[in-house]
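Here is what TrEMBL records for this protein:
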type     : residues : note
DOMAIN   : 29-135   : domain 'Fatty acid hydroxylase'
TRANSMEM : 12-31    : transmembrane segment
TRANSMEM : 43-63    : transmembrane segment
Amino acid sequence: MGHTLSEVALMVVFGICLWTLIETNTAHYLLHGIHHKHPTDGLRLVFPPAAAAILCFPFWNLIRLITTPTTTHGVFGGGLLGYVMYDCTHYYLHHGQPSSNPGKYLKKYHLNHHFRIQNMGFGITSTLWDHVFGTLPSTKTIAKKSS
């Protein structure tokens, strides 16, 4: 569509950032809430692919509203990539055993969200939006989890 590789990369990065914002959103929590009732159930951890495919349609239309016709594909693709990275990271944080950072930190951060303070620490792939929205738990709370 006439964009340079760096422009497409920027669109994809914007889409990923858009997804990281969505992962902290209340609507996402409502779709993902069953996982909070059963956080160790591997079958309820990843959003079902059929449901995700159905939700692509309204998200595509939302992206079309906020982007230009030539940038929609790149931003949507970045959002989709962000979603896949989120699902893989989330599954790994629950069932993997990270041996170094950032994995170890993110696992402590996320399990802290599940089992200690569910009203803070919503980010899975990043703590960026928890910083922005003031939902970043204190480092003391996260450190206690590792003790």
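Start at 1 and count along the chain as shown; that gives each residue its number.
Using N, Cα and C of the backbone, Cβ positions are placed for all residues, glycine too.
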Can you count helix, strand and coil residues in the domain 'Fatty acid hydroxylase' (29-135) using DSSP?
-> 73 helix, 0 strand, 34 coil
Could you pull the average pLDDT for the domain 'Fatty acid hydroxylase' (29-135)?
-> 84
